[in-house]
Amino acid sequence: MEMAKEQELILVLDFGSQYNQLITRRIREMGVYSELHDHEISIEEIKKMNPKGIILSGGPNSVYEEGSFTIDPEIYNLGIPVLGICYGMQLTTKLLGGKVERANEREYGKAIINAKSDELFAGLPAEQTVWMSHSDKVIEIPEGFEVIADSPSTDYAAIEDKKRRIYGVQFHPEVRHTEYGNDLLNNFVRRVCDCKGQWTMENFIEIEIEKIRQRVGDRRVLCAMSGGVDSSVVAVLLHKAIGDQLTCIFVDHGLLRKGEGDMVMEQFGEGFNMNIIRVNAKDRFMNKLKGVSDPEQKRKIIGNEFVYVFDDEASKLKGVDFLAQGTLYTDVIESGTKTAQTIKSHHNVGGLPEDMEFELIEPINTLFKDEVRKLGIELGIPEHLVWRQPFPGPGLGIRVLGEITEDKLEIVRESDAILRQVIREEGLEREIWQYFTVLPNIQSVGVMGDYRTYDHTVGIRAVTSIDGMTSDFARIDWEVLQKISSRIVNEVDHVNRVVYDITSKPPSTIEWE
């Protein structure tokens with residue numbers, strides 16, 4: 001991954017821990033740039049990256065399992081500080097001549113350690129709570145190492161070779177359950193690796209703009225804009241770098257939220273004076289979706305049609321050499337490490353044609369989602385746009401269960417607008433990770449005035465989450481839910497019932513389709 005030479009880097013090597021991205025994020029929160037790479041990275045690549053420190057992540061394997069993950073032991077001879085976490089500590093012990101064995105019982109959960117070190121534990125109390133998760137245990141440390149923390153269950157909760165600046169901890173400092181975990185990581189990054197913490201969004205913008213200008217020169221760039229946070233930030237960053245050399249194509253497939261298409265044109269076309277081509281393709285999409293009720297088929301049709309529409313418009317433009325995409329660092333990690341696992345396929349509108357002869361520009365592919373939001377604020381994008389709700393590529397097409405019709409889309413569009421308005425008025429928009437309405441393929445009997453009705457049911461989905469991988473339903477106050485329900489049944493035609501989804505993820509997903 002491209003990186004400014006003067007930028008401090010902490011390299012995290014991935015051994016399959018569910019917390020590996022968290023390590024990277026914790027370090028970035030300290031103002032120090034960090035990247036996650038596969039454990040099989042070569043010594044030559046590491047030297048080229050010139051990291052200030054290396055962290056070996058945890059992992060689910062035993063160091064003695066056949067085919068278990070390992071590293072080139074030469075890493076320990078580079079003169080770069082190394083911190084091994086759980087599996088990383090066990091692997092370090094084994095590779096440097098110590099002994100590791102299977103524990104009688106897997107140690108999982110909170111534990112109390114007694115620490116002593118003027119480096120890793122500097123300024124921290126001796127007794128502290130940590131989070132353990134391991135099935136192997138160290139029984140003999142390598143030559144040159146000493147114990148710097150123990151616990152009731154192990155004599156080797158943390159070890160160090162101070163001369164070579166190699167450290168190991170048998171717990172996870174990156175998780176919130178570890179009482180002083182952030183402080184320990186900060187000690188490693190600042191005290192041991194001597195990082196100054198100068199990585200900011202302001203610096204990121206300066207570096208990226210210079211990289212974009214050098215690469216693009218006087219050529220032109222095309223950007224597929226959806227109005228979502230990622231594509232919006234990419235477009236504004238590129239526009240700041242190259243101005244009118246950027247052209248954005250906004251495909252309006254007719255499956256957007258209320259007023260969304262006009263908002264994109266107003267905020268970005270007029271507000272940022274960007275060159276945006278709006279393609280009204282609603283009829284084209286609706287014709288393709290007619291009679292289709294299977295969710296996977298709907299998603300595929302929407303994705304494919306988006307590609308065809310974009311391709312048609314792109315072919316009308318001459319002299320375009322680059323295509324910009326809002327790829328995030330999580331996408332890079334999932335596609336770039338052997339140990340990564342995709343929990344769920346995402347709702348991104350399908351990939352663009354392979355035969356499109358463009359060079360790719362992905363200016364935010366080193367950032368996590370929360371960092372992209374910070375970047376957006378730094379670029380001057382209004383907060384209400386930066387903090388917009390995540391919206392799937394197929395749009396309302398997967399929030400109308402079953403066949404999509406204009407009438408059903410209007411019900412979802414209007415009910416969703418009411419939900420968002422009330423949530424905003426109640427000041428809950430930052431407390432709830434995601435909230436939206438869905439239209440199940442359900443009708444029920446009701447009474448409105450003196451008349452019997454047989455109309456649609458609207459479902460409300462609102463969840464709290466940290467990263468979207470797991471979530472819980474939001475505990476919205478009953479009076480607020482009543483207000484939302486009352487407004488929907490009174491203001492949206494053909495709705496006589498509102499229900500609230502109280503399912504967590506897992507077992508359900510956040511979206512209904």
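Cβ atoms are placed via backbone N, Cα and C, with glycine included.
Taken verbatim from Swiss-Prot:
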type	residues	note
ACT_SITE	Cys86	active site, nucleophile
ACT_SITE	His172	active site
ACT_SITE	Glu174	active site
BINDING	Ser226, Gly227, Gly228, Val229, Asp230, Ser231, Ser232	ATP binding site
DOMAIN	9-198	domain 'Glutamine amidotransferase type-1'
DOMAIN	199-388	domain 'GMPS ATP-PPase'
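Feature map: Swiss-Prot annotations on the structure.
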| residue | record | DSSP (3 states) |
| --- | --- | --- |
| Cys86 | active site, nucleophile | coil |
| His172 | active site | coil |
| Ser226 | ATP binding site | coil |
| Ser231 | ATP binding site | helix |
Over all shown protein chains, what is the count of other CB atoms within 10 A of the CB belonging to His172 (active site)?
24
Around the ATP site formed by Ser226, Gly227, Gly228, Val229, Asp230, Ser231, Ser232, which additional residues qualify by having Cβ within 8 Å of the site's Cβ center?
Met225, Val233, Val234, Gly326
Using a 10 Å cut-off on CB atoms, tell me which of the recorded positions Cys86, Val229 is the least crowded.
Val229
Using Cβ-Cβ distances, find the residues under 8 Å from Ser232 (ATP binding site) that belong to the same chain and are at least 6 apart in sequence, listing them in sequence order.
Met225, Phe268, Gly376, Ile381, Leu385
Whole-number answer please: how many Å between the C-alpha atoms of Val229 (ATP binding site) and His172 (active site)?
32
Sort out for me which one of Glu174, Asp230 has the most neighbouring CB atoms within 10 A, since those are the recorded positions we care about.
Glu174
Cα-nearest neighbour of His172 (active site) within the listed recorded positions, Cys86, Ser226, Asp230, Ser231:
Cys86
Using a Cβ-Cβ cut-off under 8 angstroms and a sequence gap of six or more, which residues of the chain neighbour Gly228 (ATP binding site)?
Gly326, Arg388, Pro390, Phe391
Top Cα neighbour of Glu174 (active site) in the set of recorded positions Cys86, Ser226, Gly227, Asp230, Ser231:
Cys86
By a simple count of other Cβ atoms within 10 Å, which of Ser226, Ser231, the binding-site residues in the record, is least packed?
Ser231
Can you tell me the CA-to-CA distance separating Gly227 (ATP binding site) and Cys86 (active site, nucleophile), as a whole number of Å?
42
Mean pLDDT for the domain 'Glutamine amidotransferase type-1' (9-198), rounded to an integer?
91
What is the Cβ neighbour count of Gly227 (ATP binding site) at a 10 Å cut-off, with all protein chains included?
21
